[in-house]
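A.B. asks: I'd like to ask you about the structure that follows.
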Amino acid sequence: MSSLGASFVQIKFDDLQFFENCGGGSFGSVYRAKWISQDKEVAVKKLLKIEKEAEILSVLSHRNIIQFYGVILEPPNYGIVTEYASLGSLYDYINSNRSEEMDMDHIMTWATDVAKGMHYLHMEAPVKVIHRDLKSRNVVIAADGVLKICDFGASRFHNHTTHMSLVGTFPWMAPEVIQSLPVSETCDTYSYGVVLWEMLTREVPFKGLEGLQVAWLVVEKNERLTIPSSCPRSFAELLHQCWEADAKKRPSFKQIISILESMSNDTSLPDKCNSFLHNKAEWRCEIEATLERLKKLERDLSFKEQELKERERRLKMWEQKLTEQSNTPLLPSFEIGAWTEDDVYCWVQQLVRKGDSSAEMSVYASLFKENNITGKRLLLLEEEDLKDMGIVSKGHIIHFKSAIEKLTHDYINLFHFPPLIKDSGGEPEENEEKIVNLELVFGFHLKPGTGPQDCKWKMYMEMDGDEIAITYIKDVTFNTNLPDAEILKMTKPPFVMEKWIVGIAKSQTVECTVTYESDVRTPKSTKHVHSIQWSRTKPQDEVKAVQLAIQTLFTNSDGNPGSRSDSSADCQWLDTLRMRQIASNTSLQRSQSNPILGSPFFSHFDGQDSYAAAVRRPQVPIKYQQITPVNQSRSSSPTQYGLTKNFSSLHLNSRDSGFSSGNTDTSSERGRYSDRSRNKYGRGSISLNSSPRGRYSGKSQHSTPSRGRYPGKFYRVSQSALNPHQSPDFKRSPRDLHQPNTIPGMPLHPETDSRASEEDSKVSEGGWTKVEYRKKPHRPSPAKTNKERARGDHRGWRNF
């Protein structure tokens, strides 16, 4: 700031008396003020800091350049003090009623003032200055009517840089300035042409359009302001020269001053110019028509922008979908049971490549191949198997287990519902054609208006015929063959043009093309040329009948595709796979269940012939731990789980705590269960912990009867439903109280085995659990009331 204070006249902030706001320049607001010590009316532009504008103004001195007085350098008050133009800006003058007084001499004088001021900046100033923001708002009118150029906030010294940033206001900006390209002094020539157009037409350039819309029109569409047809030729030629797209073809301000002088010597020009200025109503419609056309282009641009955004959104979704798919290993085939060792090797290679950034898992693919892991064995691998193969990292094991579980889940889900892919080795296909009748109705909606020039119309296509016919139409295309209209393609009804078309040209026609789906053998498409004619009555529609020959395909087996249910997959392996999946799905729920139910739930499935038989047998809700004992005992039959849960909280010495529902079992049901119970001893069951190395177990798992202990009571519940080799039921005598509890998994004492054999004889057939109790030797108290006895009649009540 000290350097600035030394080079500029410094004006104290207290030496200024501020009045109203006169407007805003670039980078600051302008106020009318009084310089008290000099008794002079001035304009003060308040700034956040002093930059290039003060440096530029300090070296300029010209009649048509605003005069610079000094700067304010008192933080936080910074500003530039210049002369005050009492008549305001040229923009305000042009858009006020005062502009109606303008004539040829007025315009020529002011056009010359601006041209001389810009010529001084470019050629006569101590340093060449490119204004870059010349517009009617930055040209002010002094008290004597002389135009002065102000607001150099966007200006630059020419020898500093020619690559400019985006500044200024778009309607006045040259195309190269809008694009932030290197500029020369002729960019001010373009802006001068816009200011001259304002003085001639007294209109706002590109009125109603936003800045970015103007930028797109000027740069991309090469649009320019409309020069009315009745404008004097000399002015029109000068404007065209100033607005050349090639900056080198634009005239310099020295040439412009010369052109203005020659125009002043033309004696016929004043009459033409004054006639043009006074007949504004005749040519104003030309400017409005141009603005309407440009707005239509802008609307079309907005519509295309929305389409591009929607397309971009769909592409992002598709990209995300492809990314997700790329993270999933590609399967050699959907028949995982038929995978060879090489197929598994390929799958593991993809898996470790996706989930391994440090290349630590790259050796695992070879481990799978060395251990002869096929598709069947892959889906049955357990944690111990992976450790035996040499995979010791817990994280890597979890990664493999998760991938194998997902592969198993997808395979079982797709087993009966395979992907809809054509099998090259399948049954031969036979072709058959069917005929679908379709009537295409072509017409157009018409708003007559006053004639063919201002009427509005749009084409449509309707259908009639078989209801299924619409499904064979792929798309409908309307081509109006108009230069400013695009070809419209629609893929779903209603098939009608979206926008109205204004005016009907001579011999106007619309080409309508209906394209059919690939299964339509003939015709592939239908083309219709519809004539558009103006009429005050409703135009007649044209009907075109079409017969579609539809190609249908079906197999020799009555059109029923092959089923995966008769696949060559190993049924025993598939059943084991299903059981493993069920066990893994319910492991979390079993880990949260009541600790009294210590027996494995899925050991009950051992020895079943099929998955359906295993599911049919228990009929137990998965979330059995959430059912209360009382409700369950009233609503379900006394299966093993119901009894185990109910009697875990009941006193077994209650008089009426027996099973009244046990008598409801029919003899046929008991016989069926008895046969099934007897037959299953001879069957080999598939152990759930079978490994992929061929460990299909034919033995059943033996388990020790569990004992639950509650305060003051002991009971023993049969595990026959859980283990076929265990006695279905037994009772506990009082002398058992003195025997030690057994440890699960340890063999019983011989005396205990003999007792268990005696208890087997007391078991009823059918797999029902039978619980007996012994009453205490003492007789009931005579003080017990009938009301208390009645309370024991309800089965399942607790006695506390």
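Here the Cβ of each residue, glycine as well, is placed from N, Cα and C on the backbone.
Keep in mind that what you see is a predicted model, and the values were worked out from it rather than measured.
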A.B. asks: Looking at Swiss-Prot, which of Ser268, Ser275, Ser358, Ser603 is flagged as phosphoserine?
C.D. replies: Ser275
A.B. asks: According to Swiss-Prot, one residue among Ser7, Ser58, Ser333 carries the annotation phosphoserine; which one is it?
C.D. replies: Ser7
A.B. asks: Can you dig out which of the ranges 155-176, 221-242, 287-308, 375-396 Swiss-Prot describes as region 'Leucine-zipper'?
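C.D. replies: In Swiss-Prot, residues 287-308 carry the label region 'Leucine-zipper'.
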A.B. asks: Mind checking which residues reach the region 'Leucine-zipper' (287-308)? Cβ under 8 Å, same chain, six or more beyond either end.
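C.D. replies: Sequence-distant neighbours of the region 'Leucine-zipper' (287-308): 201, 203, 206-209, 213, 216-217, 221, 223, 226, 228.
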A.B. asks: Can you tell me the CA-to-CA distance separating Cys22 (ATP binding site) and Asp133 (active site, proton acceptor), as a whole number of Å?
C.D. replies: 19
A.B. asks: Helix, strand or coil by DSSP: which one applies to Gly28 (ATP binding site)?
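C.D. replies: The residue in question, Gly28 (ATP binding site), is strand (DSSP, three-state).
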A.B. asks: Taking only the Cα atoms, work out how far Val30 (ATP binding site) lies from Asp133 (active site, proton acceptor), in Å, as a whole number.
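C.D. replies: Between the Cα atoms of Val30 (ATP binding site) and Asp133 (active site, proton acceptor), the distance comes to 17 Å.
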A.B. asks: Around the C-beta of Cys22 (ATP binding site), how many further C-beta atoms are within 10 angstroms, looking at every protein chain?
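C.D. replies: The answer is 19.
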A.B. asks: Between Gly28, Val30, Asp133, which of the recorded positions has its C-beta surrounded by the fewest other C-beta atoms within 10 Å?
C.D. replies: Gly28
A.B. asks: Please give the average pLDDT for the region 'Leucine-zipper' (287-308) in this predicted model.
C.D. replies: 84
